[in-house]
Amino acid sequence: METQNQEKVTAVNQIKCPLGNIGNAITGVGAEARRLAKEDSRRIVHAFKVGLSLALVSLLYYFDFFYDGFGVNAMWAVMTVVVVFEFSVGATLGKGVNRAIATLLGGALGFAAHDAASYTGDKVQVILLGLSVFVIAVVTTYCRFFPKIRARYDYGLLIFILTFSLISVSGYRNEEVWDMAYGRLTTILVGCSATVLVCSLVCPVWAGEDLHKLTASNIQQLGTFLEVFGRVYFQEEAKDDKNQALLNDYKSVLNSKGVEDSLVNFAKWEPRHGKFRYRHPWHQYVQIGSLTRQCAYKIEALNSYLNSDVQTPLQHREKIKEACKKIILESSSALREVAMGIQTMTCSPSRDIHVVNAKSAAAKLKALMKTGLWSDADFLDVVPAVAVASLLIEVVGCTMKIDEAVAKLASSARFKKVDREIFSNGLTQGEIHAGPLFGCSNGRVTAIQVQGLGLKGPLPPNLNQLSQLKNIGLQNNRFNGNLPSFSGLSNLQYAYLNLNQFETIPLDFFRGLSNVMVLALDSNPFNQSFGWSILTDLADCTRLVNFSCSSCNLLGEIPSFFGKLSSLSSLMLSSNSLSGEIPPSFYGSLLQILWLNNQDHGGMNGSIGMIGSMVLLTTLWLHGNQFTGPIPESIGSLTSLRELNLNGNQLVGLIPPGLARLNLQIVDLSNNMFMGTMPRLGAAKVSYASNSFCQSDPGLQCDPQVNALLEFLKSVEYPVALASEWKGNDPCAGPWWGISCNPRKEVSVVNMKNMMLNDKVSPSLSLLSSLVEIHLEGNYLQGRLPQNLTMLRSHRLLDLRGNNLEVPLPKFPTNVKVVYDTPSSPSPHGTSDVDSFVEVDVDGNVSHSTKSRFGIILASAALLTLVAVLAIIFCFMKRRRRKNGDVESSAKEATGGIQTLEASTNPNFSLSSLREVTDNFVQENVLGRGGFGVVYKGKLEDGTMLAVKRMESRVMSDKGTSEFQTEIAVLSSVRHRHLVSLLGYTGEGNERLLITTKVDVFSFGVILMKLVTGLVAVDEQRLEEKQYLVDWFWRIKEDRAILLACVDPALNVDEDGHDSIMAVAELTGHCTVKDPSRRADMGYAVSVLAQLVETARGDEPVL
């Protein structure tokens, strides 16, 4: 009986066990379902949404109306809902679009493959279909390995392979493959549409919103950990279950990458919704997430020291507690502010303050660690604390990077900005308390950090009563009114006042700032109506490292004390109205950054030679000024220089070779007068535009003649008048002022008369082997004349008068006429009139055109200009007559009064009146000098210009008086409307003076234009552009084809005369330059025409 009972019990138990297990399983499933629903209630809604979608598409199969249209293909709609419907709208859209497009493309391509293969016969059709399936499968499958393709289109590629294979293979047995493809594609589109509509319209779940919340939550968890860690590590609180849970929350951040990547991919499919506009910068969330995980790894390490069995004794931890707690407080606050800003899509007003304070606290902790505060402790005891401190410093770095990344997101996503106003009622020490905007120590304010908060209004006038203030950051706000005085803030180290709207700066602002290291005043309209100058009290700020005052209405010269501040490394004074030169005190300065660019009202000027001594420079901006002279050769020693901007100055000369050896990143040499070879610079960004380089491409060498002339220009310190004109690679074509060439395009004349040349004569002139004349008179040249100038084979004239060259001069060949004067030594070759020249026979290889009518007319034009030559010929004839007894001397019978040759035309002049019109023969009115004497400029009351030639006392002899009479006779006998006219002469006492009309060389240039074109100077009957001959001729003279087409047909010029026409046209340009001081003199014009006459004459006389 007992055995039977036991068997019954056993049987009952065997039945109960499975039932119990089933009940437990059901209970477990129910509990898990409740947990999942509680964790995210949207999961329940999602389940209902899927059911609704399936019910809707099932109608295609249930109702005859739909079934007759789709048939069994209606099941494809049901299958589409099952595989496409995802939790979020983005995921569903991504899969739906992938499936629809892949089905369409795969079906179309499969049908095309089937149709193409059907034309080849059964056997070949099988091979082609199999081969197409193989190729498509291989290529598509391999594409799935590409990360970017796999992330967004992996599902679509799978559907593409499936659809292509299904359509292309099924068509082999099924004749109605098109109907099958069409039906399946249609039902798939119906299924996708139903799925997308239900997912998007019924309680939609947005992947972008989830990503946004996840990013903010992860950052928030890091901030929470730091806050709890500080309390637990320094044993302010116990490590209970609550704190332990908070300390472990960060671990979810470590494993968030996969979720974030999926959400980013899904979010990119989503349309605009809520606060997220179309093309929201989702990719920036990936960067923020990566930085957040980096910070989480540092926190993981911190957590390990919290759980370690080896701990630093509490008394040793106390030594770094304050500094560490400051880092923890500011970093956790910054992270929470960042998280809150992301969550609410606003720019947190105090986030940057916390970041700056955390950075400052990290710097203090570093300094504290170097003081040996644990020198009395066992090394192994303090190792964990040192590690914790180091990790906290690294956490500050991570926090700063997260803040920067979120700032970029805020800018791209247009987070809402906050506008606040403080300081509305002034302030006192008692009103300010430590917080996110202010730092305090021992009840005293030490820091004010309110940068970039959109603040406005004036500052309190008693700000300098905060005697312990060390750091003030007011930049990038809208503060206005009067900037209060900072006088007496001896503890102030950092002052950022830039990017505001302060209207005035007090005179004592810089007084007593003995410890200030950074002063930023940029972009404030100080004293906007009349400007201001840098105050001298700034010279006492001997610890100043950075001073910036760009765009703040500075004027005047840069104070020299900046060059004496040994600690100064950055000086930024751009976009003001500064003038004058860079102070000499900057020579050898230790500046690293120098901005003097874009000064208004003309800007700064002078040389930049001292920059070659500033060996620590990394950035040099001098653009938009009037600096002159060359780049110093010593710039090659600035090995740290990375940015050089000299754009828009008047710098001249060759680019130093050392510049190409520097590791520059940005170089701008545009809009200057740099010459020679364009250098090859290795900088990433280089600009050479609008200079005078000989070639248009870097590295191409100049013509040897150009190199020789540029070396000459370098030796005379690059006068601007020449540097602005000497351009291109051919000195015989273009505006090379003072340079003339023979018809073989060889430089034959260098005319630098009265060009303000300095320094010495370069030996490079000897490289110009065809040089005939060198005019250097009236300059400031000194030193010895190069010996190699005596080797020039064609040289005939060298004029050196009015300089300070050393004597004796080198010995020149007898066929070279050298004219010079010194205080102590006469010229070995005698003296010559200012306008004299030597006729030189050029090489016999010059082409001739002896029978050309143009040669005759050109010679006639030259004859009209050779007044001095006519005088010499006339004198020679007079001497011959005197030898024959035909001339009666009247020199000794000269009366002491005014003599007029033609009373009806020549006015009367007295010596006193001549003194009056020439300002008593002052040096400023000297027009020239000659063997007879000095020519002065004069002006009558009616505006008539005179030339008064005054005989020097050293020639007051019988011979000199005779020549005086001869010149009177010559000028009286020559009458032409284009030549000077004798107005009168005087011989009062020992004075001998000739009075003639003064004609500028400009008129002669016009004569040449008229000869070449056959046109009158002004003719209102001509076309408007040709009415004024000078203006029109200047426009066409550089274009050879146009100019030759405009030559007067009466000249009958053949090809042999074309070069002469161009030479005459170039001469007209020299004669008619707008600036009278830069026009050629008649001596130069005569020498040019004389060469052309010799070339045209050949073996026969011209006249």
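Just so you know, glycine gets a Cβ as well, placed from its N, Cα and C.
Caution: TrEMBL annotation is automatic and unverified by curators.
Straight from TrEMBL, the features:
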type	residues	note
BINDING	Lys949	ATP binding site
DOMAIN	921-1103	domain 'Protein kinase'
TRANSMEM	44-63	transmembrane segment
TRANSMEM	75-93	transmembrane segment
TRANSMEM	100-119	transmembrane segment
TRANSMEM	125-143	transmembrane segment
TRANSMEM	155-173	transmembrane segment
TRANSMEM	854-876	transmembrane segment
Proximity of the transmembrane segment (100-119) to the transmembrane segment (75-93), 3+ C-beta pairs under 8 angstroms: no
Per DSSP, three-state class assigned to the residue listed as 'ATP binding site': strand
Around the Cβ of Lys949 (ATP binding site), the count of other Cβ atoms that are within 10 Å: 21
Model confidence over the domain 'Protein kinase' (921-1103) (mean pLDDT, whole number): 74
